[in-house]
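Engineer: To start, I am sharing the structure in question, which I have written as structure tokens.
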Amino acid sequence: MRVLNVHLADHSYDILIDHGSLSALGQRCAEIRLIGNAAVITNPTVAAFYADTVASSLKAAGNNVTVIEIPDGEEYKNATTLNSVYDALIEAGIDRKSFIVALGGGVVGDLAGFAAATFLRGIPFVQVPTTLLAQVDSSVGGKTAIDHPRGKNLIGAFYQPKLVLIDTDTLKTLPEREYRAGLAEVVKYGVICDLPFFEILEKECSAIQAMDQNVLQKVILRCCQLKAQIVEQDEKESGLRAILNYGHTLGHAYETGAGYGTLVHGEAVAIGIALAAHISMSLGHCSSDDVARIEALLNAFKLSFEPPAVERHLLLNALTTDKKVAGGTISFICNSGIGGHIIEKFLPEQLIALAGLEV
Ligand code: NAD
Ligand code: MG
């Protein structure tokens with residue numbers, strides 16, 4: 001087992017990475033005095049594979065267990081679903097000594113985390129992420145949220161889990177497209193913070209795609225370390241944490257502009273990474289060789305970075321309404337070579353022009 005401690009003053013916690021560890025969840029929770037009533041929040045897709053193992057493990061450790069299923073999909077990460085979760089928590093007699101287990105991808109993690117942050121003004125929760133994206137990104141860092149009809153993640157809280165348990169075996173049932181999408185976030189960490197890690201990804205790309213357990217766990221651990229280091233320095237995103245947005249500004253514009261459901265988030269991020277690399281090169285922050293290496297790695301992970309045809313006004317609209325726009329200016333994250341970052345500021349129109357998207 002690989003263990004990473006996230007150091008955050010009075011709410012530090014461990015990330016445990018292993019394979020086959022789902023059945024030890026109850027024991028791991030008991031070790032940090034989480035025992036009593038457990039509410040497992042999941043969705044039917046994930047529950048079909050893993051709810052029994054998780055519930056049995058929690059019961060064996062002495063917990064009463066209630067499994068609460070929410071419908072599968074980003075479109076259900078909303079207030080209506082959240083209310084139904086509150087109802088189920090009340091029905092199950094969940095109190096301040098109880099705890100919530102978020103079993104699933106980022107959608108379940110974000111919504112269950114926000115339920116934990118707000119129910120009874122906050123009860124403990126544990127993340128059990130089952131997608132690659134959730135294991136390397138959303139389960140680490142304490143951002144929880146639901147969507148609003150006017151935008152993604154508009155309602156939320158910073159709320160840290162008591163434990164993150166990553167069982168890499170769960171990735172074996174993940175659709176390949178979702179796995180590849182998670183790899184875009186993995187590439188992101190290498191490009192903006194860690195050249196040696198980028199080189200490992202280049203060298204081990206076949207093993208990663210074959211889910212070689214040793215390599216995969218090292219990769220997930222490194223991503224969690226890098227994200228944890230950034231979050232430890234800037235928990236509430238007043239500065240540094242923004243670098244994690246690399247590839248996301250234009251990626252998000254394409255995700256929205258192409259219409260939700262056309263591109264999976266990570267596929268849009270791959271497009272955003274390639275565009276950000278080109279912009280970084282045109283500003284003199286990296287070489288054409290760096291861009292070629294970044295594109296080659298995306299290619300090796302079968303991530304297409306060819307932007308789909310999206311009308312300019314749709315991109316512009318998405319860029320202007322991005323919640324990270326401040327005073328009309330966008331903080332745009334560039335890569336400095338490979339393994340470094342520089343923050344630039346642009347107007348949305350300037351960014352479209354720099355990306356060469358004047359169609
Ligand atoms: P997701 O949660 O929708 O999961 C993708 C699909 O895979 C779903 O259909 C899900 O049911 C299925 N699935 C999950 N685990 C599975 C498994 N082991 N086997 C088979 N199927 C499985 O998507 P995601 O990419 O994990 O997360 C996206 C969400 O994460 C977005 O809502 C995004 O806003 C959020 N997010 C949050 C943060 C954060 O810091 N809190 C960071 C990044 C993304
Ligand atoms: Mg992302």
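Just so you know, glycine gets a Cβ as well, placed from its N, Cα and C.
In case it helps, TrEMBL gives these features for our protein:
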type    : residues                                     : note
DOMAIN  : 68-180                                       : domain '3-dehydroquinate synthase N-terminal'
BINDING : 72-77, 106-110, 130-131, K143, K152, 170-173 : NAD(+) binding site
DOMAIN  : 182-325                                      : domain '3-dehydroquinate synthase C-terminal'
BINDING : E185, H248, H265                             : Zn(2+) binding site
Engineer: What does DSSP call G106 (NAD(+) binding site) in the simple three-state scheme?
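Structural biologist: G106 (NAD(+) binding site) sits in a helix per DSSP.
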Engineer: If I take the alpha carbons of G106 (NAD(+) binding site) and H248 (Zn(2+) binding site), what is the distance between them in whole Å?
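Structural biologist: Answer for this pair: 16 Å between alpha carbons.
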Engineer: Return the residues near T170 (NAD(+) binding site) by Cβ distance under 8 Å, restricted to its own chain and a separation of at least 6 in sequence.
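Structural biologist: Correct list: L22, F49, Y50, T130.
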Engineer: Under the DSSP assignment, what numbers of helix, strand and coil residues are found in the domain '3-dehydroquinate synthase C-terminal' (182-325)?
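Structural biologist: Going through the domain '3-dehydroquinate synthase C-terminal' (182-325) residue by residue, I get 104 helix, 1 strand, 39 coil.
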Engineer: Enumerate the residues of the same chain, E185, H248, H265 excluded, that satisfy the criterion Cβ within 8 A of the mean position of the Cβ atoms of the recorded Zn(2+) site; list them in sequence order.
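Structural biologist: Residues close to the Zn(2+) site, other than E185, H248, H265: L133, D137, A184, K188, G247, G251, G266, A268, V269, G272.
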Engineer: When you measure from each Cβ to the nearest atom of ligand 1, which of the binding-site residues E75, E185, H248 fall under 6 angstroms?
Structural biologist: none
Engineer: So if I measure Cβ to Cβ from G109 (NAD(+) binding site) and keep only same-chain residues at least 6 apart in sequence, which ones fall under 8 Å?
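Structural biologist: Residues satisfying the criterion: A102, Q127, P129, A134, S138, S139, T144.
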Engineer: Restricting to the domain '3-dehydroquinate synthase C-terminal' (182-325), what is the model's mean pLDDT?
Structural biologist: 93
